[in-house]
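One structure below.
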Amino acid sequence: MTGLAQTLAFGVLVGGVYALAASAMNLIFGVMRIVNLAQGAMLMLGAYLAYSLWRATGLDPLLLTLVTAPALLAVGWVTYYLFVERARTTDPPTALVTTFGLALITTGVIALIWGNEWRLAGPGYAGRSFTVAGLHLPQAQVYACLVAAVVLGGLWLVLNRTWLGRSVRAVAAGPEGARLVGIDVRRVWAASYALGVAAAGAGGALLSVLYPFTPSSGYHWIGLMLSIVVLGGMGSMAGSVLGAVLVAVGEALTSAYLSPGWATAVPYLVIVIVLLARPQGLLGARLREDMSRA
Amino acid sequence: MRTFLGSLTAVLLLVTACGNGSGTAGDTGPIKIGASLPLSGPVADASEPAYAGYKVWLDRLNRGGGLLGRPVELKVLDDGFDQNAVISNYNRLIGQEKVDLLLGTFSSKLNLPASTVAERHKMLYVEPSGGATEIFERGYEYLFFAQPSTSVDLPEQFVAWVKSLPPEKRPATAAYPTQDDPNTDVAIEAFAKELGALGVRPVYSQEYAPETTNFDTIAAAIAAARPDLIVHGAVSADGAGLIKALQKQGFSPKILFQTNSPSVVSSFPEAVGPANTEGILTSVAWSPATPYPGNAEFVADYTKAYGRPPTDDAANAYTAGQVLEAAVKAVGSLDQRKLADWLHANTVQTIVGPLKWDERGVPDGDMLLAQWQRGELEIVAPESARTGGPVITPKPAWAS
């Protein structure tokens, strides 16, 4: 029984970080209808920034989300106007290829700056655990999960309690309607993309403490984030959180009770099953594409 | 008719002279060597030093006049640790780049298909890495491994050391986590078999996928089994990943052996914490301290060029170059059949010691057992190659 509780605890803690990464991708998809394949590379950029700052200053890598998120916000803003905007006005496949190209460029730049060696930030608590009722709760995972919850809460507040958030939701519901009520849709798209990348920057700082990473580690995260977004429902932030916890718990249970060899296949199985059984995801709305885009 | 035959003879001679792998010392242009390496992707950290090892060998070779009196060029393509890309790269090197000679790529995963491309084109293929048994069980005639022994012999020094321990100090139980990889699979299987013969009982044995980054559940299962010994089939960052997860579980085995990862001296100590490296064991093919001819020169050249000492991977690439060089110099041509025949029949002096191969291209040497001691990766067995103190056992508990 302790074994099951321990496994579930691992899953839930990791699920918090998954939720942040997937919500960032889902925000961009929900507003712009773009699957941003550069999100994994942006996660890694956040991780390398946090790692370097931790090395240079000794500051806690988790607190450095306060630096990596704004830094990646700027990166998102610039890359949106340089690359993504032009692609999104053509057709979805072009946007997909553009963001993949952006992922390749970002990965290459990271490798040029930081090299290809794997890195891992190691603050004092990285190898310690809290012991609660016989369960080992890794401190790094607990703190990372809390920071992810705070960032997600902040994102929720921005989307639900600010004018920018209302504009974002209005554009997500229908850009033509939003334009009719005076919203600068172009700026909202840019802001949504930049916010999504900034959230990836925060997620990267969390990952820098949790797992060893290399410049190309981002590609692994793309599949994972996509599966969570598909499971939770494309465009649904709450769905992303729920999907993240379910995928993370699924991975942990598979690793513990089936085989660690199958754990990384869980996200891909999730994609196939959800697309067959409930294409709109757990909390996604089933919309007529012609009406939703009108 | 005589004119026609004369023309035909001239054409045939020209084709022979330009043909792949049949150049002679009479040619004057540079000799082109082609290789593919995973310079990006998950094992890029290991292949960068390998590329550097190739370049240090090439510089020394060209300083000494090149091969067959001709300068030598190296064309390296990036395969991103992808099997399809490595096949495409070697086909391109042979078919489009028209290279005269090949050098191998890194890892068993990539050398498995890459060596097939070389064999199909009947080109000599000296690989610096890739010791999986299945690579050498296909009857290939042009394939040669440039390390002292293959994966199946990896346990030799470690098992001999365990055997040398008094019975009360030997591990009673062992855990065998391993990445699903053609190299580590074979090595871990061999470890389990040989340690089993010494009475070491397996309490955990699981494979995980190469994409695995989260080792918490694996570490929890191992900690619950409480083995005296962990033999971990690690490939790259997974070595540090498991160690961090074990630390979080508060479980430190008495003996920890990992393949590959601990020899990546540029990132391993930082990732696990310098103090936590103490006592961790691994296998290496090469040591900077062994007195084999050319070894000190290699270490000096590499350190001068890159500002840091070479790694095991760099040395293995350099060794592959030495093997190729020895064959070409001895044969006096680029005839691939003759080069392969010569290597099958002769011993080559390299920086990892004398290498001699059987009909499969498998060398008959021994790997070295290394251990992290006081922040340095030291050779602890065999005795003749020892650079460090006696093997530290039991491994100290995690420092933090």
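Just so it is clear, glycine is given a Cβ too, placed from its N, Cα and C backbone atoms.
Taken from TrEMBL, the feature transmembrane segment applies to A:6-27, A:34-51, A:63-83, A:95-115, A:140-159, A:188-213, A:219-249, A:256-277.
Long-range contacts of the transmembrane segment (A:34-51) within the same chain: residues 21, 24-25, 28, 61, 64-65, 67-69, 71-72, 75-76, 79, 84, 88, 92, 95-96, 99-100, 102-104, 106-107, 110, 113-114, 119-121, 193, 196-197, 200-205, 207-208, 213, 215, 217-222, 225-226, each at least 6 residues beyond the stretch ends and with a Cβ under 8 Å from a Cβ of the stretch.
Put simply, of A:6-27, A:95-115, A:140-159, the stretch with the most CB pairs closer than 8 A to the transmembrane segment (A:219-249) is A:6-27. Contact between the transmembrane segment (A:188-213) and the transmembrane segment (A:95-115) does not hold: fewer than three of their C-beta pairs are under 8 Å, each pair 6 or more apart in sequence. With a cut-off of 8 Å on Cβ pairs spaced 6 or more residues apart, the transmembrane segment (A:6-27) and the transmembrane segment (A:140-159) reach 3 or more such pairs and are scored as touching.
Only sequence-distant pairs (6 or more apart) were considered; of these, fewer than three Cβ pairs between the transmembrane segment (A:95-115) and the transmembrane segment (A:140-159) are under 8 A, so the stretches are not in contact.
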